[in-house]
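First up is the structure itself, then whatever we jot down about it.
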Amino acid sequence: GDDFSFVSPVAKYVLFFFNLLFWVISMVLVAVGVYARLQKHAEAAVACLAVDPAILLIMVGVLTFLITFCGCVGSLRENICLLQVFSVCLTIIFLLQLAAGVLGFVFSDKARGKVSEIINGAIVHYRDDLDLQNLIDFGQKEFSCCGGVSYKDWSQNMYFNCTATNPSRERCSVPFSCCLHDARQAVINTMCGHGMQARGYLEASAFIHTNGCIDKLVNWTHSNLFLLGGITLGLALPQLVGIVLAQLLINQIRDQIKLQLYNQQHRADPWY
């Protein structure tokens with residue numbers, strides 16, 4: 001009959017609402033990222049774009065917005081072109097994630113070197129960006145670590161540099177997030193890391209965490225492989241569901257187009 005359709009309303013609207021949810025999330029990410037960038041000081045606007053969490057939020061948000069836009073409109077309007085773009089983009093992202101995981105496992109030494117490079121870059125720009133500063137402080141507190149390889153890595157920062165010519169009041173210091181936590185202190189002593197780089201490991205270890213965050217991060221990764229695997233699966237599963245639904249809907253739309261062309265040809269037939 002004329003009312004028959006190969007396109008399943010379930011597949012169509014599940015894919016639509018699936019994309020609509022992530023579309024809203026992407027707009028929130030972009031809004032938060034833009035707000036964070038606008039709140040920064042003018043001198044920080046170009047200083048550390050490579051390690052700016054706000055820029056990362058904006059980039060992820062914009063990419064997600066564009067992909068889910070194709071999925072939303074493509075499923076609602078039954079547009080094969082947009083659905084193919086959506087499916088191809090999700091497939092590429094999934095394959096890139098898979099490749100990154102495999103390469104990170106196979107070339108663990110190079111991956112460690114890249115992580116070390118990122119951490120050192122973050123240390124250099126610690127005072128340039130409040131968001132980055134809060135992120136580093138959070139990481140050092142959570143992992144009970146200080147710096148990349150050791151607490152003396154903070155000498156790479158111009159404010160904490162331990163050379164005699166450094167005029168900063170924070171010379172030879174480390175951030176307060178490196179300090180050992182004292183449960184008896186009701187107020188955090190933000191100057192607890194003063195002059196710690198000038199001390200040896202044994203002497204400094206009585207006041208701060210001397211081990212670097214890279215080793216702590218590697219150890220945490222090895223200890224939480226099942227958790228990381230679950231998170232990876234949780235990220236990959238929605239992508240696979242989106243790809244399967246998009247391909248299913250594309251095939252259904254093509255079958256519907258063939259049916260319509262078949263009906264038109266037969267209606268034009270005088271013997272029909």
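For all residues, glycine too, the Cβ spot is worked out from N, Cα and C.
Same-chain residues at least 6 positions away in sequence with a Cβ under 8 Å from that of Cys145 (disulfide bond) are, in sequence order, Gly139, Cys178, His209, Asn211, Gly212, Cys213, Asp215, Lys216. Residues or ranges marked as disulfide bond in TrEMBL: Cys145-Cys178 (among others).
Under the heading disulfide bond, TrEMBL lists Cys146-Cys162 (among others).
Only residues 6 or more beyond the boundaries of the transmembrane segment (13-36), in the same chain, are considered here, and those with a CB under 8 A from a CB of the stretch are 53-58, 60-65, 68-69, 71-72, 75-76, 86, 131, 238, 241-242, 245-246, 249. Per TrEMBL, the feature transmembrane segment maps to 13-36 (among others).
Within the chain, the transmembrane segment (48-76) has long-range Cβ neighbours (under 8 A, six or more residues past its boundaries) at 12-13, 15-16, 18-20, 22-23, 25-34, 36-37, 40, 82-83, 85-86, 89-90, 93, 118, 121-122, 125, 128-129, 131-132, 135, 242, 246, 249. The feature transmembrane segment is assigned by TrEMBL to 48-76 (among others).
The transmembrane segment annotation in TrEMBL covers 82-107 (among others).
Away from its own ends, the transmembrane segment (225-250) comes close to residues 7-8, 11-12, 14-15, 18-19, 22, 71, 74-75, 78, 80, 83-84, 86-87, 90-91, 93-94, 97, 101 of its chain (Cβ-Cβ under 8 Å, at least six residues beyond either end). Feature annotation from TrEMBL assigns transmembrane segment to 225-250 (among others).
The disulfide-bonded residues in question are Cys146, Cys162, Cys178, and the one with the fewest Cβ neighbours inside 10 Å is Cys162.
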